[in-house]
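Below: one structure, written as structure tokens.
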Amino acid sequence: VAKHPEIKALMKPDHNLIWVVVLMVLAQLTAFYLVKDLDWKWVVFWAYVFGSCISHSMTLAIHEISHNSAFGNSKAMWNRWFGIFANLPLGLPYSISFKRYHMDHHRYLGGDGIDVDIPTNFEGWFFCTRFRKFIWIVLQPFFYAIRPLCINPKPITRLEIINLLAQLSFDVVIYYLWGAKSIFYMLAGSVLGLGLHPISGHFIAEHYMFLKGHETYSYYGPLNLLTFNVGYHNEHHDFPNIPGKSLPLVKKIAAEYYDNLPQYNSWIRVLYDFVMDDTISPYSRMKRQLKGEVKQD
């Protein structure tokens, strides 16, 4: 920032995010209606081909919202309510809890017992062969859901209860209006989209040490168009208060800091290399023993 003070001008909310999220919710509502009378094989097909992409993209919209990118830091609660709204087409409550744990990930990256992005010892020990690593990728959404309860359980907050009740109410309404196939499409899309899916390569690409000494990597491929530029991950960790829309400008302005860092151009290749490289496993993460006072959300 001292060398490139113009970066400060990018530290502002992205109001376009609001309209993108609204359109994504409407797209999924339309899909819920369209699949209600399809054969089950087509429900499964569209859940993977379309629903999974929207669902995973929405989790990354929620990631943006967790950083107050929709309404800005001055309207933090507006972002929380909007996150609950964005959560609706995913089928399972996610937004409020994600915000609490994700802030820890930024403050204490790799912090043992704090950063729940770090796999458990069981994951590292058991998922160590090629076949088991493949299964681990398929089951990623379940590990991300269960891991916080094992590593760093937190008291349930009022907003998390509201998130849960809003989600359950939405799911009941969808079931009442359009039936089981719409509910299946919604839930299957979320599970499939966060598991064995090209976009899911970002889970591994971001912080797994394929090269020793480099714990955070950026991806500059086309899937950033669907993921709010989450691939610009070094840039995001340097400037978490800059919306994803503006991260390519950060890279352009401060190119000398980013161009020579290890980077990816294919998340599919990341998934393949993770499974096939016998030197890489869920253990391939930097873990730190934190010292001093730890302040959690």
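Each residue, glycine too, has its Cβ placed from N, Cα and C.
Your range for transmembrane segment, going by TrEMBL and the list 184-205, 250-271, is 184-205.
Residues 42-43, 46-47, 50-51, 54-55, 57-58, 61, 64-65, 69-71, 82, 85-86, 88-89, 174, 178, 181-182, 185-186, 228, 243, 245 of the same chain lie 6 or more positions beyond the ends of the transmembrane segment (17-35) yet place their CB under 8 Å from a CB of it. Regional average pLDDT for the domain 'Fatty acid desaturase' (41-263) in the model is 96.
Within its own chain, the transmembrane segment (42-61) is flanked in space by residues 17, 20-21, 24-25, 27-28, 31, 35, 86-87, 89-90, 94, 98, 181, 184-186, 188-190, 192-194, 197, 199-200, 226-228, 230, 244, which lie at least six positions past its ends and keep a Cβ under 8 Å from the stretch.
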